[in-house]
Amino acid sequence: EEAIFLRKKITLLRAFSLLIGSMVGSGIFISPKGVLENSGSVGFSLVVWFSCGLLSMFGALCYAELGTRITKSGGHYIYILETLGPLPSFLFLWAEFFAIRPANSAVVALAFGRYMLEPFFSPCAAPVPAVKLVSLLGYYTVLTLNSWSVTWSARLQTALSVVKLLALALIIVPGMMLLAQGHTENFQDAFDRQSLVLDKLPLAFYAGMFAYSGWFQTSFVREELVKPERNIPLAVIVSVITVIVGYMLTNVSYYTVLGTEDVLASPAVAVSFVQRAFKSLISVVPVLVALSCFGTMNGGIFTFSRTLFVASREGQWPPLFSMIHIRRHTPLPAVMLMFPLVTAMVCIGDIYHLLTFFSFSRWLFIGLATLGLIVHRHRHPELHSPFEVPLFVPVSFTIICLFTVAMSFYSDPVNISIGCTMVMSGFPVYYLIIHRQMSDRCRNLFSVSQDFLWTKLPSFFSTLSDYLTHKLQLLLEVVQQEIKTY
């Protein structure tokens, strides 16, 4: 009897949890190896980590202003659409769907599977098929939860944010204790210039920025935020500062306990840290790290489904994906769309190749979004945002992003070329389907496809949702009965 829309259920605490839960994920537990490998030394790697944090703060402040100027959800997509036009926004959507988001989700899922299995196989490496199987199970669990309830997804994100901070604390405290006792031998010759290779620095920044990525997540759910003009800037500033401090202390702890060779040789740095620092928690910390990755997967699915929802509403994606489940109030088709690509990338992908593969496209479009902020200010000087940043912030951030993207062609031309080709492949799709009028035959074919999407698939998704909900309720009843019996 009432209108069907996405409800405003994200409070300041949930916004803060969404940002913390998205930033503190697999990155801080797998990226130290990539940062150190491409920066060359402990000192330069710490400089890269701090620089990435500062750059993330600049980007977060730009997105906070964009979030107060543009009132729609959708994040990068809607900002590029509203400021630079439909072509670059469609190219972002194309690259995001086919490259950026599935690769990002696959990286986090693989980290989840690796850390979840690490305690059971230590000191040996976990079998790759088992890691991929557990990774997919974790991803499908989050997918089901986001299809079932917005409220429970938000509550899970809040709970897992606490777990993430606890996992960082368990790494930071023993490292700081050892450092206070005078264990500084791993910081000797910290800034060794002989091992510094300048053309590898963009790859170090990609690895570091991947660990910080997530500061833009509130922009994807802007329409579901309570008091967005106040809560977006507040949540962004507090969460990014918290993460910068936490990441710097975590890396210092890593290097206090582990040497550079140990960090470079470890596929799971946090597990190697625990093995060296205190073996009594050898089975606890990897599980906390896995839960941290689980929270990042949850935040990623929660936000990207809103991008597809908004793109469908704007006419650049099939109308099916702007539909909302009548009872659950979740964008169910948009949530379910990603799982085939993520499944494929988990099955065939490697973490570090995937990391470079999607980073090029992501930072290209983030730089374009902040360029759009400059354009929007110039076009609409009469609009006064409730939150504005100095002009040098978006200018500096845009230049650094685009310069890093350009430099990465020298650092890793193969993976970057693949990412560039993926973006360019969206041009003919845009001009044949979105921009130009299709021929009568193509239009009739598209109309038949539309009719099928509107009549058959919604009922399929609704039936699937009801089935999953029923099974989950039965499982909860069994668990409750077992608890009572125990």
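Every residue gets a Cβ built from N, Cα and C, even glycine.
The feature transmembrane segment is assigned by TrEMBL to 12-30, 42-64, 76-100, 120-142, 162-183, 203-221, 233-257, 277-297, 332-354, 360-377, 389-410, 416-434.
Counting Cβ pairs closer than 8 Å to the transmembrane segment (360-377), the top stretch among 42-64, 233-257, 389-410 is 389-410. Spatially, the transmembrane segment (389-410) is adjacent to the transmembrane segment (42-64); three or more Cβ-Cβ distances between them are under 8 Å for residues at least 6 apart in sequence.
Sequence-remote contacts of a segment are chain residues at least 6 beyond its ends whose Cβ falls under 8 Å from one of its Cβ atoms, and for the transmembrane segment (42-64) they are 32, 35-36, 75, 79, 186-187, 190-192, 196, 201, 204-205, 208-209, 211-213, 215-216, 218-219, 232-233, 236-237, 240-241, 243-244, 247-248, 251-252, 255, 260, 366, 369-370, 373, 387, 389, 393-394, 396-397, 400-401. Of the candidate ranges 76-100, 162-183, 203-221, 76-100 has the most C-beta pairs within less than 8 angstroms of the transmembrane segment (416-434).
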